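K.L.:
If you scroll down you'll find the structure; I have some questions about it.
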Amino acid sequence: MAASRRSQHHHHHHQQQLQPAPGASAPPPPPPPPLSPGLAPGTTPASPTASGLAPFASPRHGLALPEGDGSRDPPDRPRSPDPVDGTSCCSTTSTICTVAAAPVVPAVSTSSAAGVAPNPAGSGSNNSPSSSSSPTSSSSSSPSSPGSSLAESPEAAGVSSTAPLGPGAAGPGTGVPAVSGALRELLEACRNGDVSRVKRLVDAANVNAKDMAGRKSSPLHFAAGFGRKDVVEHLLQMGANVHARDDGGLIPLHNACSFGHAEVVSLLLCQGADPNARDNWNYTPLHEAAIKGKIDVCIVLLQHGADPNIRNTDGKSALDLADPSAKAVLTGEYKKDELLEAARSGNEEKLMALLTPLNVNCHASDGRKSTPLHLAAGYNRVRIVQLLLQHGADVHAKDKGGLVPLHNACSYGHYEVTELLLKHGACVNAMDLWQFTPLHEAASKNRVEVCSLLLSHGADPTLVNCHGKSAVDMAPTPELRERLTYEFKGHSLLQAAREADLAKVKKTLALEIINFKQPQSHETALHCAVASLHPKRKQVTELLLRKGANVNEKNKDFMTPLHVAAERAHNDVMEVLHKHGAKMNALDTLGQTALHRAALAGHLQTCRLLLSYGSDPSIISLQGFTAAQMGNEAVQQILSESTPIRTSDVDYRLLEASKAGDLETVKQLCSSQNVNCRDLEGRHSTPLHFAAGYNRVSVVEYLLHHGADVHAKDKGGLVPLHNACSYGHYEVAELLVRHGASVNVADLWKFTPLHEAAAKGKYEICKLLLKHGADPTKKNRDGNTPLDLVKEGDTDIQDLLRGDAALLDAAKKGCLARVQKLCTPENINCRDTQGRNSTPLHLAAGYNNLEVAEYLLEHGADVNAQDKGGLIPLHNAASYGHVDIAALLIKYNTCVNATDKWAFTPLHEAAQKGRTQLCALLLAHGADPTMKNQEGQTPLDLATADDIRALLIDAMPPEALPTCFKPQATVVSASLISPASTPSCLSAASSIDNLTGPLAELAVGGASNAGDGAAGTERKEGEVAGLDMNISQFLKSLGLEHLRDIFETEQITLDVLADMGHEELKEIGINAYGHRHKLIKGVERLLGGQQGTNPYLTFHCVNQGTILLDLAPEDKEYQSVEEEMQSTIREHRDGGNAGGIFNRYNVIRIQKVVNKKLRERFCHRQKEVSEENHNHHNERMLFHGSPFINAIIHKGFDERHAYIGGMFGAGIYFAENSSKSNQYVYGIGGGTGCPTHKDRSCYICHRQMLFCRVTLGKSFLQFSTMKMAHAPPGHHSVIGRPSVNGLAYAEYVIYRGEQAYPEYLITYQIMKPEAPSQTATAAEQKT
């Protein structure tokens, strides 16, 4: 569903306009003739402006020619010479018939009316550019523009209103009538692609009408030339002639090819257009496409049988005239590497887009010089191999080492590919340069099944390679060596039997191979001998039978040698088979006897012989036919004469006892001879038919155990299973199926047992049959499937018969009851094979059916199943904005960063479709906003809404953001901050009344106390007075740290830089003006803005940026924050699943966050809360973990990042325990873990957490889940208190971002817990 927009990323159609200049692909023109073509002797060619006509016409007039001005010279003239009067005649432009919009009066006009002389050639066209008409006057837009319109009237174009239309018309004064108004309107509609007008105007009478005033083009010429696919389709439906020719001999296909309309070309070819049609100058459509460089069209033409060797009247082939861009297609080199890669990787779509007869056997330019077939065969791409073979791939092609594709397939054991290649004539004993055969390859790699296949096609295991080794020698196991020898002997015997070569049979015959079966067909030597056309087949048959051949052995179709002999009327060997005990009534897979086969073939004498041997003519096949019914009139006559006409008394009593369920009588009467007797006076039913139809379970069981035939058919072709199913006898049906009854057998009306059960509403029977492979798509003689026969309202059976489709439909429609009834462990992940290959969960997720999705997930649905586009259910939910579904899928551990075939993640989907809440949910659970799709786009690149863009920018790490979005934070080392140097932006500190212990002693505004390591007041020599920073930090603050090496090499400090100008900076190698300007202005602002002792900090505070003050580890403030963090580690109920397993942090860095704007916003909100809460703002220092930390320190807390699915709704969550916040660092529940290792318990990667000032104000105490978007009325926050079945530790939730200030940014690692022994040792050492 969500993938329907993919095509826009992969297909971009570019329409190339015709150029007025002569094309480079035109053949060199011959010397100009004495007269300009198309002008009367003694006539001076008129200039384009003289007649008001453009020098060439545009493609919109329905005709495309590869060269000349759009017309063809008479056959006896050179083609398209330059005009003798020097006017610019374009040798490669095309003339298209022009249709004037105004009515044309069919009157005779003098030649002076348009300034054009009559055409003496009589071809209806002129070669002079001055004779080409244009849709507009010479001052209008270029005729090559496809969008330009027709002239409003002939006079507007400088042509007399009485002149005929178009350049293809005879000159004025010739008396040719003008085109009728209705036809003109039709041609104009075809040209413009107005399909509704075309449908209104076209009919059988005018669909092939010619533009008699122009080039005699048909409407199809116009529509094809302009690429109007819809119009072309309609015209073809109306009977348009794809072979219609205009004056120049062009068919519509020429036009479509000339202008590169590949879809129209395909359409015309599919409708029978001749790809090798020649115009009057023997130009084919391929000439046209090649000259114009229409690569796609060239490929389509070649794929449809275009002959690249056809030459025009000048003796030029398409390759000779091809534009350079198209030459590669005609040499087979076009995108050869891509074609080979498509064959290797199995990319059918790509392969078929490039494959032509010219490149189907191309060889790679490097490596092994493989062909596409070599690669497809070696990589087991069965479908690709099929396609290549269908399109003429050479099975004998050799690579650099002399290997044929069969070598590759056999070497890697690809059975199906090997079979395909052999079927298409691959040489089974082909040798490479080292004389290795495919059998050598297969045997040496122990490809047992492939070896058998090769041997069955004549592979010789005795052939030796260049090392003198045979395939048998190279077999790695004794078992394979023995098998190769055995099968080779067996196949040799089969071949000798086929040839009825008595001497060879005697030579190869051995006891162990007498009943050897061909692995694929299961034929024995006896089958081969009786089928042989050679005269000694009888002697060979006798020899084989004497030596122990099984006379009743069956091949894969269950045919005995007697079946084979009878079918071929080999009566001589039938006699031998009968003498050696052949079963006369053995059945093949179709339930046919040898008599059926002989009757079907019309062998009268064979039928007589079989009847004399005891064949039963009353046996009914699985299709419901007796032998007589399958034979001709003569066969029917002799068979009907021998058919018994009444049932014996014993048989009659047995049939009645079976019907009545009289088991004792059945036991007395039943024998192996009459267990399958027939009710000859009735329906020819057997005892089993009666017992099954009357639900006599015990009788059915007894008959089955004593040889009753479950496949026996009555007169109507019904088997016992039909009877049981029709009457709903479940136990009997189950018995019959268990004893091998065919669930898909059909009667004479092609009703299967499933038809019977469905029509009678037998739900359980239908279920049983389907479970055992019944085909619900089979149709009866009336074309009805079992589903069509279900009674209206019987929805349970309807759903059952629809099978997977019903479950998919129920999931799509959100019908939980149907889903519960239909869902089984076998079909819970079934696929919509007619659509996107979606699972029920895909559909439930895409259609927002929460209850269905939950049921499917609870019962084992695959949460990460991919459809044919690679989308998982979360893609669907994200694409359509179904937040609850997405949350449910995440709960069941779906992959939030799963990618489809185009590398789109669910976050890409949500961002592109403007799903804000979905983006927040995905990001909160670890979605990676930096992942790129195949086109290199991140979700941010696809975001359509401003709030989503802001959300994604906040979630992305700074290094992944585009430069324009990167927040600039200044990091200042602790050593640069003196006690008195606190910037003004830190002075607005709030109280920390609620803090106790070491944290309560922290000075809010300062970074350290007076005794904690400051830089001192003394300055080093050479520093600018009052500056507490070095040149490296200054460059970093400007984003110019890459210039540091230059400054260090030249020993330039800040005081030296302060005296430098543009010229001096340029001399030391800083050539970019922008860099020099930034340096000079930066120093000026730095010096001009000094306040206190640290003007650098003041400067940045003025600019409202964020400053990160590095605290020194020995600083009391650092130590207090670390102690608070370490001391609040707790053990959580999830056992470390979310935040990792640890008992201590390794604190790497603690930075104080300074941002004047955020501080002021926090203080303002704190004041509001205090006023609303009796002057108590209730501030706490709390921890916060989030994937948005980088955004928070720059922009503050943003409630848009919140997810409504949290325990207390869409709030911002804080904790007094650092280990609780650690669980959210990579997202809710730990997200997907660290970005590098995808590990929630990673001990390597650095993490970041915030220690924040939070104004709680009046808090609402809550013990259970409550979804809120805002704080409860009269309250400013929610405190989730611990309870028995609720929270283990308290959570603090605010719903306005300005109620918290990120005071400290802590960078840390979790530490792996020490082993107990190590802990004990450490404790002892400490003691």
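Glycine is treated like the rest: Cβ placed from N, Cα and C.
Feature annotation from Swiss-Prot assigns compositional bias 'Basic residues' to 1-15. Swiss-Prot lists 181-209 with the feature repeat 'ANK 1'. Swiss-Prot lists 335-364 with the feature repeat 'ANK 5'. If you look up Swiss-Prot, you'll see 401-430 marked as repeat 'ANK 7'. Marked as domain 'PARP catalytic' by Swiss-Prot on the basis of sequence analysis: 1112-1317. Taken from Swiss-Prot, the feature Zn(2+) binding site applies to C1234, H1237, C1242, C1245, supported by experimental evidence.
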K.L.:
So, by DSSP, how many helix, strand and coil residues make up the repeat 'ANK 5' (335-364)?
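P.N.:
Split into helix, strand and coil, the repeat 'ANK 5' (335-364) gives 17 helix, 0 strand, 13 coil.
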K.L.:
Given the model, what does the mean pLDDT over the repeat 'ANK 5' (335-364) come out as?
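P.N.:
It averages 92.
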K.L.:
What's the most sparsely packed of the binding-site residues C1234, C1242, counting other C-beta atoms within 10 A?
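P.N.:
Checked C1234, C1242; of these binding-site residues, fewest Cβ neighbours within 10 Å: C1242.
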K.L.:
Whose Cβ lies within 8 Å of the mean position of the Cβ atoms of C1234, H1237, C1242, C1245, the Zn(2+) site, other than those residues?
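P.N.:
For the Zn(2+) site the neighbour list reads G1233, P1235, T1236, K1238, D1239, Y1243, I1244.
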K.L.:
DSSP helix, strand and coil counts for the repeat 'ANK 7' (401-430)?
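P.N.:
Counts, helix then strand then coil: 16 helix, 0 strand, 14 coil.
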K.L.:
Within 10 Å of the Cβ of C1245 (Zn(2+) binding site), how many other Cβ atoms are there?
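P.N.:
Neighbour count, Cβ to Cβ under the 10 Å cut-off: 14.
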K.L.:
As a quick check of your reading of DSSP, tell me how many residues in the repeat 'ANK 1' (181-209) are helical, how many are strand and how many are coil.
P.N.:
19 helix, 0 strand, 10 coil
K.L.:
Would you mind pulling the DSSP three-state label for C1245 (Zn(2+) binding site)?
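P.N.:
C1245 (Zn(2+) binding site) sits in coil per DSSP, no helix or strand.
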K.L.:
Taking the Cβ of H1237 (Zn(2+) binding site) as reference, which residues of that chain separated by at least 6 in sequence fall under 8 Å from it?
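P.N.:
Expected: I1244, C1245.
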